[in-house]
Structure formats: C-alpha cells, structure tokens
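Taking it in order: structure first as structure tokens, then the write-up.
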Amino acid sequence: MPRIMIKGGVWRNTEDEILKAAVMKYGKNQWSRIASLLHRKSAKQCKARWYEWLDPSIKKTEWSREEEEKLLHLAKLMPTQWRTIAPIIGRTAAQCLEHYEFLLDKAAQRDNEEETTDDPRKLKPGEIDPNPETKPARPDPIDMDEDELEMLSEARARLANTQGKKAKRKAREKQLEEARRLAALQKRRELRAAGIEIQKKRKKKRGVDYNAEIPFEKKPALGFYDTSEENYQTLDADFRKLRQQDLDGELRSEKEGRDRKKDKQHLKRKKESDLPSAILQTSGVSEFTKKRSKLVLPAPQISDAELQEVVKVGQASEIARQTAEESGITNSASSTLLSEYNVTNNSIALRTPRTPASQDRILQEAQNLMALTNVDTPLKGGLNTPLHESDFSGVTPQRQVVQTPNTVLSTPFRTPSHGSEGLTPRSGTTPKPVINSTPGRTPLRDKLNINPEDGMADYSDPSYVKQMERESREHLRLGLLGLPAPKNDFEIVLPENAEKELEEREIDDTYIEDAADVDARKQAIRDAERVKEMKRMHKAVQKDLPRPSEVNETILRPLNVEPPLTDLQKSEELIKKEMITMLHYDLLHHPYEPSGNKKGKTVGFGTNNAEHIAYLEHNPYEKFSKEELKKAQDVLVQEMEVVKQGMSHGELSSEAYNQVWEECYSQVLYLPGQSRYTRANLASKKDRIESLEKRLEINRGHMTTEAKRAAKMEKKMKILLGGYQSRAMGLMKQLNDLWDQIEQAYLELRTFEELKKHEDSAIPRRLECLKEDVQRQQEREKELQHRYADLLLEKETLKAKF
C-alpha cells in the first residue's frame, strides 16, 4: 500500500526561509508555484503562513492595555467578526482571536480563584496545534533528514536560477548574431584590401541603423572658421592612478581592519588616561546603568506675583481692622466690612482629597463577555444576567482620565452647595435637615455673605428667585440707609517694613535666575550690539544693495599731471580714494552674497582677500563715531539745499522721476558673459542679445515664482472659500431650477387660460346641439310610443277575433 503524505504540521526554520525567498522571487499571487518548493506544505498553508506570521507588517510585540480594552470593546460590538476587528487594532485575526480567548480563560481562572502563572492556552503534552501557521518556527536540527536536505538543495537551485530557458535562448541567439556580423565585416575588409568591392545589401529597417549612420549628426556649414580660441588641454595621464586597486577602490576588509586598529588604539589610550571608565566599558557594567528619567512637574496654578498680591491685600485688611479696633469703632457696619478671614481650619487644609479607586476594566469586560456567552435561552424566563457597567457609546472604549483634585483654587470658607461634596469624607460636619441631600460642612463665618447657603434653595422656581431678589434689594437698601456719615479724616500710612522689604529684594542675591531667562537676556544684548554694529556700517551694507566684486582703482587721476589739479579736482580725488578704501573694507569684512545663491556660498568673493588686506595696510580704514557721522550727514543736507537753491531745482513729481529713471536705466546694459555693466551704446549686437536673453531668463524665473505663489494662494483660497463656492453653486442651481419651474408654470397658466377661452366659446354651441338631440329623441320616442300603442291595439283586436 503506498504511503499517504498528509501536508501540514509545525513549520521549521528552513521552510520559513525558503518561503520568504520564494515570495521575493514569485510574488504573493503564485502560491502553487511557491508550495512546489515545500514538499510538506500546501499552497493554502504557505499563504496562511505568510499572512499570519512572516509578513513584515505583522505586529508581534506584547499587547498593551489600550489594545486589550479596544479588543474586548470591539468583540462586544461585533462578535466573531475578527477579520473586521483585526485592522482596527493593528493585529491579525488569529492574534485577536487567540488573545481574546486568553483573556476569557484568565477571567475564568480568576472567578474560580485559580491563580496560576501558566498560560491557560498553552498546549498540553500530546495535543496537536490546530493553527501552526501562527506560531514561531521550530529550529533546524543539526542532522537533517535526507528529504529535507533534498528539498533545500532543490529550492536553492530553483531560486538561484534567475534566467529561464527563454532568456538563455535569446542570449544565445544574440551572441550568434554578433559573431555572424563580425565574420561578415572581416570578410568585407579582406576583400576590400584585395581590391574587390562588394556592395552591401542593406535590409530596410524601420529604425536607425546605428552601425552605418551617425545619430544626431550636425554637419558644419561650408566656409572657414577662426580656430584660435579652440585651446585644447593636453591629456596629462597619471598612470600611477590607473592601477587595479585604485580603480576598484578601498576593499571592505581593509576598511574594517583599519577601523579595528583605530578602536584598539583608542581603547589603549583610554586605559592609560581613564582606567575606571575603561574597565566599566570592557566589563559591560555600563550596560546596566539606568539613566535617571526627567522630573516632570505640573505647571504652577498661581504665579508668584498673584501670591504677593494676595499677601498685600491680606496685610492691608489686617492693618485696617487693627486701626479700627484701636480707634474704638465698634459699629455693625465697620465690623461687617472688616471681618476676619485669616483663621483657617487646619484639619481641612491638611486633608488631601483622594482620587477615585480605579477598576480593572479589562477584567470586567472579559467577565461580561463570558457571562453573555454562557446565557441560557430567554424562553426559560427569569432575571437577566448580572453584568458590570458597560459602554456602547462608540467604536473605541472611553478612557477614564484621573485628575488630581485642585485644593488651591477653592474658596477657604466656601459653604458646600447641594451636590458639591468632595472626594474625601469630611469630619466635624453637621448633616443638613434636607431629605436625600449630601451631608455638608458646618457653615463658617461669612458676614459679607460671599458664599450663600444654596443647599436648600430651589432655583428652578421663578417665583422663589424673584422673592430672593426682592429680599436682597430690601436688605441692601436698609444697610445703605444705616451707614454713618462719612468722615474725611483718613490718612495713608506706609507699613514700617515696606522700605526694608524693598532693600532686601535689591540686596538678595540667593535668587537663581532661570537659564532660559539668562539666555534670553544674553540674546537681547547680542541683538542690540548687532543693531548698533549695523548702524555703523555703510548704507549699501545696511540695505544689502549689490556691490562690485572687484575694485576699479584706475578711476584715480595721477597727481603729477600737467596742468596741475585744481582744488575741486583734488577734493574729488580724495572722495574717490575714500570710496575705494570703503569698497576694499566691505569686500573684506562684509562680502556681498546674492539673494539667488541658495547654497549660501559667496560667488566670486573671498579670493582677493590678500589684495584687500594689502591695500588697507597702505591706506588704513578709519572708523568714525555716531556723532561724527551725524555731523557729516548734516553738512551733506545743507550742501544739498545750497545746490538745490543755486540750480533752481524744484520738487520732482513721481512721473518725472520715473521717466528720468527709465531713461538712465535704459542706457545701462548688463553683460552676463563678463559679469559687469556697461553703456548700451558701447555694446555690440551680440552683447545686447545676450543681455536680453539673460533678462528674459530672469523674467521667466520671476514669472515661474509668481505663478507658484499664485497657485499656492489659489489653493489656500480654495481651501478657505471652497465651502462658500460649493454653497453658491448649489444656490445658483436651485435658483435656475426655480426659474425653470416658474417659466413652466407660466406656460401652463397661459395654456389653461387659452383653453378656458375656447371652452367658454364652445360650451353654448354644445348645449344647443345637445338640446336639439334631446328634442329629436323625445319626438322619436313619442312616435314610437304611438306606434307601439297602435300595434298593441291591433294585437288585442286579432286575439278577440280568433
């Protein structure tokens, strides 16, 4: 009898590796081909193994408390729908079902008071795992069976074969074609060398014959060209860098060896300098050192300034009360206004409200699900199954947020209202004489009625509320009438220790300033210094205006010329010299960085620093104070006014200024090839074309930037106004529909009106016709009646005869 092979069983490590490699090669659709590599597994088992265990997206970590609560909640809402529950939790369906049964068994053990540390779902000796695809793989034995070795070698050979029969045949045909072409080429060359010319028969190819033609060939125009600018650099080949090890690069083994050597040297130096830390590092003790976690404190609910204000108010009221007692004022109004609120109940201040006891929600939900699973049929009757408090408000369970009670913000002498009992039971309180009310505290002194007793008030009754308002108004009126006459004999006296406190605050050095405040103050000082330094710079640097990359020193005139320079020319030369010095200084200390340079590198600057330094050594740059710069600016303003009055210059309008600016700007031309500006009348046609191309490119860049900005703004406005647009379109559609309905109704109205006119004119004619028909019918009926009577009489006569 042949041996029957039943596929399945525990998965081994070898089978897992073969399955992963096969999925990488064949994909996740050809499970039959993948299963042909594994002799003991079917295609369905391979697919289940991949989607239940080997898929890298499967989460195999410990279940968190939130996931367990969500699992039990969803199992309560959607029983047995594990394929629907699994993606919500982020686990597989088998994991959800297994952990759900684990929680139920754990709850059952707790109900039976059988606390065991073992997993209740663990297989017992002799049991067979019904779902081996969801369990870890069994390690491979050292001496594997021949069947497993044969399966492994076959899978290795099949998976290593990345080229099938068709690919090998194509490669062989391509190689034969290349050999045939080379042989024909050699034959034609030999015949041509022997003086025999053979015309090659070309087959018409659809594409380009790259063996006979030059693709994208552009033949130069006929004529002579100047080749003086075509300077070719001679190839200086360095044959020492053409060795095999230089071409291959550094080997990985050499790099690892060098790194190991560096680590040994570093460890040796560390042992020589810091022996204890090196011993800890080598012994591995440092792995067990636990880093202390950061202390997280809640934000203060009352600031220091508010506490100081409270203290000041308390001191002022205490001083006023003591002054009133010393002066002998004992009337009821003053005693009420100056009531003492300092003494607090220490037992209340020392009591900490307790937080509500937390409950094991997971255990409660598991017990509820077990109870619902084991419910008898409702046909038997009886009481419902007792359940814990459950939640059906949403897909995810509600989380109970535990908050620390705030004892700071409560009023010290607050009389508890109805239902305002705290979490901790209070001692020394008298219960209220109200039925079904929470016992409240004994009311403390409250002469100003700040905290009225509202435990017995029924604010839902409007008549009661109006009665309370009338009583409070009357009580206030009587109190105001009973006030004594005012006396303007008050004087303001500062406390004796106020000045001492101010001095102690100034002298107190024990206060440690916060590091963030220190950094902020230092940053503010640095910003102020930077602003000051910026104000001392030149206007071109302050406004980040374009500055020349090279200084043109040829603008200076020679001093020994004939005829000699005039005083005005000498002054102009001094101004030019100072300008050149300023340019050298700015190029050295504040090089210009164009805004279009996104990499943050200076283009064309920094290479002539030695030249700038040498010039500044011979012509030192002189720094001026703020006052000197202000005086120079005033002198320039005065000179401008003198020139303006002397040359009769008036106020230019914006149109005239723009016209002059456009005329001046049109005379200047930028040469991108030479990176400089020149006059437009001195430039050649080629330079003008290049300048216009550069300007066109810049304008296109601006246009692209503005288009992106406009698209971004359009997208933003679409997000902001999309609802309004859709609403407007809907209203327009409704308006059009209503207009169509109005037109249709108007047409129907006109139609029925015309129909009514025709009916009104046709009704009399119809009535006449009907009347005539009725009259004819009546006459016909009379004639027939007479004939009937005659025939009846004739019948009777004939009967009488016979």
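The backbone N, Cα and C atoms fix where each Cβ goes, and this holds for glycine too.
So that you can see what the record holds, here are the features copied from Swiss-Prot:
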type: CROSSLNK; residues: Lys135; note: SUMO2 cross-link
type: CROSSLNK; residues: Lys219; note: SUMO2 cross-link
type: CROSSLNK; residues: Lys487; note: SUMO2 cross-link
type: MOD_RES; residues: Thr227; note: phosphothreonine
type: MOD_RES; residues: Ser303; note: phosphoserine
type: MOD_RES; residues: Ser358; note: phosphoserine
type: MOD_RES; residues: Thr377; note: phosphothreonine
type: MOD_RES; residues: Thr385; note: phosphothreonine
type: MOD_RES; residues: Thr396; note: phosphothreonine
type: MOD_RES; residues: Thr404; note: phosphothreonine
type: MOD_RES; residues: Thr411; note: phosphothreonine
type: MOD_RES; residues: Thr415; note: phosphothreonine
type: MOD_RES; residues: Ser417; note: phosphoserine
type: MOD_RES; residues: Thr424; note: phosphothreonine
type: MOD_RES; residues: Thr430; note: phosphothreonine
type: MOD_RES; residues: Ser437; note: phosphoserine
type: MOD_RES; residues: Thr438; note: phosphothreonine
type: MOD_RES; residues: Thr442; note: phosphothreonine
type: REGION; residues: 260-606; note: region 'Interaction with PPP1R8'
type: MOTIF; residues: 165-271; note: motif 'Nuclear localization signal'
(message) So among Lys135, Lys219, Thr227, Ser303, all listed as recorded positions, which is physically nearest to Thr385 (phosphothreonine)? Use the C-alpha atoms.
(response) Lys135
(request) Would you mind reading off the Cα separation of Lys219 (SUMO2 cross-link) from Thr227 (phosphothreonine), to the nearest angstrom? (result) 17
(request) Write down the Cα-Cα distance for Lys135 (SUMO2 cross-link) and Ser303 (phosphoserine), rounded and given in Å. (result) 58
(message) Over the span of the motif 'Nuclear localization signal' (165-271), how high is the average pLDDT in this prediction?
(response) 82
(message) With Cβ-Cβ distance below 8 Å and at least 6 positions apart along the chain, what are the contacts of Lys135 (SUMO2 cross-link)? List them in sequence order.
(response) Val10, Trp11, Trp53, Asp129
(message) What's the number of neighbouring CB atoms sitting within 10 A of the CB on Lys219 (SUMO2 cross-link)?
(response) 6
(message) Is it possible to get the count of other C-beta atoms within 10 angstroms of the C-beta of Thr227 (phosphothreonine)?
(response) 7
(message) Looking only at the motif 'Nuclear localization signal' (165-271), how are its residues distributed among DSSP helix, strand and coil?
(response) 58 helix, 0 strand, 49 coil
